[in-house]
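Colleague: Pasting in a structure now, in structure tokens, and then I'll have a few things to ask.
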Amino acid sequence: MGSLYSEYLSPSKVREHYNYTKETLDSQETPSRQVALVVIIILCFAIVVENLLVLIAVARNSKFHSAMYLFLGNLAASDLLAGVAFVANTLLSGPVTLGLTPVQWFAREGSAFITLSASVFSLLAIAIERHVAIAKVKLYGSDKSCRMLLLIAASWLISLALGGLPILGWNCLGHLEACSTVLPLYTKHYVLCVVTIFSVILLAIVALYVRIYCVVRSSHADVAGPQTLALLKTVTIVLGVFIVCWLPAFSILLLDYACPVRSCPVLYKAHYFFAFATLNSLLNPVIYTWRSRDLRREVLRPLRCCRRAAGVQGRRGGTPGHRLLPLRSSSSLERGTHMPTSPTFLEGNTVV
């Protein structure tokens, strides 16, 4: 065991494993790779900004402190970290990969597995919450918030454990014949185990949603109301987008397990499949804000504040001698009308 961990800092181990599993090595930068690098970094920046706005919206507005929105916030957090992890993965790939030590390589790949695990468990928590809400099951009790936070914490702990297994010893250092082609320091059995766990969880989520739809169709109007159906449609769209984005990557990992080393050339293009999967983290915030007017307004509020501040600065820097007159019509409208101030009355009970 001591000799195994001593290899973690060896600067030649990563090259040795890539030489064994790959036909050719990326030993130099190319113009096409540099263009792809810029595009991916811009994409990941958009992922981080989008999900950060969703997290700010959920945190600052008490209207979004329900179980459903907390779980969506947890999914947004995992998507945000996935964007950060993919940037690190991209910057440390290509020619840079061959200069990494095994512990650096495990940290690079493990971060991606951890965020993926957190996303899957967040989808499971959302499905359970929807089933509880539709079936009217008293699962949480009086300490609902505490139990929800414990469930979120447990999902992250399980994700950390699952993503950290290779660095703890479940890897193929010293056993080249057991190595994955797509992830040359991971053993094929670990990759198969992770994909199997995720697939079983996703199948369980699909089964939960099928049961929810059956309950909704056979229930009374108070259960199958428009708000319930809208929310159910939203989380179903989120699940469907996740499956569409990640199914090619899961398929390539299963093919990796079945193919002997250097016998499936498509495995050398696996990075395209993982780049496509990353689009899931970009699309989720779009789905939330598209489906909910309340959340959309809260998400866009910081952007409006920035635009308003820029407008004020522009007026202050205007031509000297010109004075800005107050808009009396606005204040008089406020005095002469009695508009409801609650977002519920202004926008209606919009849901995700």
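Yeah, the Cβs are placed from backbone N, Cα and C, and that goes for glycine too.
What TrEMBL shows for this protein is this:
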type: TRANSMEM; residues: 35-58; note: transmembrane segment
type: DOMAIN; residues: 50-288; note: domain 'G-protein coupled receptors family 1 profile'
type: TRANSMEM; residues: 70-92; note: transmembrane segment
type: TRANSMEM; residues: 112-128; note: transmembrane segment
type: TRANSMEM; residues: 149-169; note: transmembrane segment
type: DISULFID; residues: CYS172-CYS179; note: disulfide bond
type: TRANSMEM; residues: 189-210; note: transmembrane segment
type: TRANSMEM; residues: 230-250; note: transmembrane segment
type: DISULFID; residues: CYS259-CYS264; note: disulfide bond
type: TRANSMEM; residues: 270-290; note: transmembrane segment
type: REGION; residues: 332-352; note: region 'Disordered'
Colleague: Quick one: pull the CA-CA distance for CYS179 (disulfide bond) versus CYS264 (disulfide bond), whole Å only.
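Modeller: Distance between the two Cα atoms comes out at 14 Å.
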Colleague: Which sequence-distant residues neighbour the transmembrane segment (270-290)? Criterion: at least 6 residues beyond either end, Cβ under 8 Å.
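Modeller: For the transmembrane segment (270-290), the nonlocal Cβ contacts are 40, 43-44, 46-47, 50-51, 53-54, 72, 75-76, 79-80, 82-83, 86, 93, 112, 119, 182, 234, 237-238, 241-242, 245-246, 248-249, 251-252, 256, 296, 299-300, 352.
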Colleague: For the C-alpha pair, I'd like the distance in angstrom between CYS264 (disulfide bond) and CYS172 (disulfide bond), rounded off.
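Modeller: Between the alpha carbons of CYS264 (disulfide bond) and CYS172 (disulfide bond) there are 20 Å.
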Colleague: Among the disulfide-bonded residues listed here, CYS172, CYS259, CYS264, which has the most company in the form of other Cβ atoms within 10 Å of its Cβ?
Modeller: CYS172
Colleague: Please indicate, using numbers and ranges, the residues of the same chain that are 6 or more beyond the transmembrane segment (112-128) and have a C-beta under 8 Å from a C-beta there.
Modeller: 68, 71-72, 74-75, 77-79, 81-82, 85-86, 89, 151-152, 155-156, 158-160, 162-164, 194, 198, 201-202, 204-205, 208-209, 212, 235, 238-239, 242, 246, 274, 280-281
Colleague: Taking the Cα atoms as reference points, how far is CYS259 (disulfide bond) from CYS172 (disulfide bond) in Å?
Modeller: 16
Colleague: Over the domain 'G-protein coupled receptors family 1 profile' (50-288), what does the predicted model average in pLDDT?
Modeller: 88
Colleague: Within the same chain, where does the transmembrane segment (189-210) have neighbours whose Cβ lies under 8 angstroms from its own Cβ atoms, ignoring anything closer than 6 residues to its ends? I mean 6 or more beyond.
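Modeller: Residues packing against the transmembrane segment (189-210) from afar: 113, 116-117, 120-121, 123-124, 127-128, 130-131, 162, 165-166, 170-171, 178, 180, 182-183, 232, 235-236, 239, 242-243, 250, 253-254, 256-257.
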Colleague: Give me the count of other Cβ atoms within 10 A of the Cβ belonging to CYS179 (disulfide bond).
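Modeller: Excluding its own Cβ, CYS179 (disulfide bond) sees 22 Cβ atoms within 10 Å.
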